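Undergrad: TrEMBL lists these features:
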COMPBIAS  269-279  compositional bias 'Polar residues'
DOMAIN    79-159  domain 'Cadherin'
DOMAIN    160-268  domain 'Cadherin'
DOMAIN    269-383  domain 'Cadherin'
DOMAIN    384-488  domain 'Cadherin'
DOMAIN    488-605  domain 'Cadherin'
REGION    260-289  region 'Disordered'
SIGNAL    1-21  signal peptide
TRANSMEM  605-636  transmembrane segment
Amino acid sequence: MRTHSFLTVLLWSSVFYVVHMTPTQKRTNKNSHSERITGLSENDGKTLHRTKRGWMWNQFFLLEEYTGPDTQYVGKLHTDQDKGDGNLKYILTGDGAGSLFVIDENTGDIHAAKKLDREEKSLYVLRAKAIDRKTGRQVEPESEFIIKIHDINDNEPKFTKDIYTASIPEMSGVGTSVIQVTATDADDANYGNSAKVVYSILQGQPYFSVDPETGIIKTALPDMSRENREQYQVVIQAKDMGGQMGGLSGTTTVNITLTDVNDNPPRFPQSSYQFSSPESAPPGTPLGRIKANDPDVGENAEIEYSISNGDGSDMFDIITDKDTQEGIITVKKHLDFENKVLYTLRIEATNTHPDPRFLQLGSFKDTALVKISVEDIDEPPVFSRPWYLIEVDEDAKEGSIIGQVVAQDPDIAKNAIKYSVDRHTDLDRIFNIYSGNGSLFLSKPLDREETPWHNITVIATEINNPKQSSQIPVFIRILDINDHAPEFANYYETFVCENAKAGQLIQTVSAIDKDQPPRGHKFFFELVPEFAVHPNFSVVDNKDNTAGIMTRRNGYSRSKTSTYLLPIIIFDNDYPIQSSTGTLTIRVCACDSRGNMQSCSAEALLLPAGLSTGALVAILLCIIILLVLVVLFTALKRQRKKEPLIISKDDVRDNIVTYNDEGGGEEDTQAFDIGTLRNPEAREESKMRRDVIPETIFQIRRTAPLWENIDVQDFIHRRLKENDLDPAAPPYDSLATYAYEGNDSIANSLSSLESLTTEGNQDYDYLSDWGPRFKKLADMYGGEDSDRD
């Protein structure tokens, strides 16, 4: 259908019209009218006119996914100003202009250049205008129009998940909701049925069903059991177009798991079990395991085992292994083959988490019979008691029997037993035992005050099988005998003031006793009979194991008696009565008016009464200062040294002589007299030391000259002996000159002083045989040529 729109203008008019093929037409009045006022000046004499101008457009509609051979025609723009001479140019701007939508600028025809997808963009807003090619003037105002894309069913429904996972308890009723699946369609839901989705089940019947509109999956069979089948895979289809033929569809998979409920009771695989145990098995020893089967899982399969009845319910116990859900039968008490050989137990297995919904199915527990046989073994001896306590007086004699232990073989054979004491528990070997009857006797005397308790171990061993032995602790308590006398509890330093009054308490004494009488200690104090009536002090028993020392007269004098000795007898009240005498030393001291002791020594009486502590300190400091001065004076006196008479660089006390000139060699015979070295009379005369002032003047004794050519060593020994025997020889260091040269050496002299006097030529050819190091020396002395040169 071709639609024409005209708009008439009073002065001049122009019309745009659009041609569009569409099933329906829509007229929009938006921006349909605009007012244009054309005015002339009053001087021109023309009248002002008001003109209405505007665009009138229909909406354009295009189908998406156009696949025709040509471009899809959208519509045509045209104005009455277009005379067909090509002077006008149509321009299109806006969404997709130039790329998706192109316009023929001469004719105004609009085409879709590409295939459009409504799901990407469903609405395009464009603007059109017409301009004069020559003047570039816009002949019509710009107008806006819309192109809508019509939807086609080109998208299949898609589920939000590729795979769904769901679970539901087993034994659920029909119609129980499992999970809801959802599929979406990208097509336009407001245009046709392209986006209307319907759900159906392709796989999973007859166990499950799906609601076609909501996609809720429900159970379709009652009492589905997990124990029969646990996993189900359901395939759901979503189809658009309301499920009609030709609609597009998508599928998803739903994995459904049946969760367990406690709908099965435990069951023992057999009705009775048989176990055995040695009679020596200690309590807690496991004997065996039993298990009741429960097809449920998790906490629904947890089982608690118990002993319901049986004659062995006191001797055995059963515990549950939480990891394996097994019942472990253990020994509860010591078994005795000689007492009972066979025990019977009724074991019950019960679910710990029963489900009340299934209690009508029956009891959720099961029972089984367990028989346990006791095996006989060779057991060690058994003592009649778990431990023994023996009491013995500490004055018991050596060899006396103090008690007895009894053990016997629990086996039927009743083997003989011998007894012994574990010496690791009786290192001092105080106790011993008769091996035949288990009687304990003393080997050494006892002393309760040293060791009040003895803990020993007695061993009972089968004579026929020494490997079978038992031990028992024996606790021996030593009973006290009153064999220690009481004595003073402390060492008392007692004093009495010189100004003390008669009847004054000066000391309170107490006593201790190493014994421990059963009725407690009770001590009595009194003076020895010789001092029963003491003229100076008295003892008053306080009847509480203490006694007070009281004065009997007024005033005491240190100058007459500085110390008093007061012997006191202490008795106990146990049998036999023990007593001891303790002597209390009482010093006489000077006290102030309040009775506080000031001085107790007799020497303090010699000090003047007015001499205070400060004065004593001052006297002590003076004595210390005098001692320091004496020490300093002595040290300075010892450090004084004797001044030498001569202080010169020629001082020979260091025995060092410095020669700063160099000789002329072996040819220089004028520097010294060789004969002087060989003449013993040329030595210097002994002289007094000039560097120290001699304390005594003495004449140095001259020694006889040594004539002839005496050996140097002998010469030195003689001179040394002379100085050692000379009583006038100085004890200080001195310089002795030995200007004497001894006889020729057998190996001849190494000196070259007399080389000029050597008659005849010597043969030095042997130097050439000493190697290259002596080549220069061989050249100088060897050969006739050398001598001639």
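Yeah, the Cβs are placed from backbone N, Cα and C, and that goes for glycine too.
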Undergrad: Taking DSSP states H, G and I as helix and E and B as strand, how many residues of the domain 'Cadherin' (269-383) are helix, strand and coil?
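TA: With helix first, then strand, then coil, the domain 'Cadherin' (269-383) has 10 helix, 55 strand, 50 coil.
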Undergrad: On the 0 to 100 scale, where does the mean pLDDT of the domain 'Cadherin' (488-605) fall?
TA: 86
Undergrad: On the DSSP side of things, how many residues of the domain 'Cadherin' (488-605) fall into helix, strand and coil, could you say?
TA: 7 helix, 55 strand, 56 coil
Undergrad: Please spell out the DSSP helix, strand and coil residue counts for the domain 'Cadherin' (79-159).
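TA: Residue counts in helix, strand and coil order: 0 helix, 36 strand, 45 coil.
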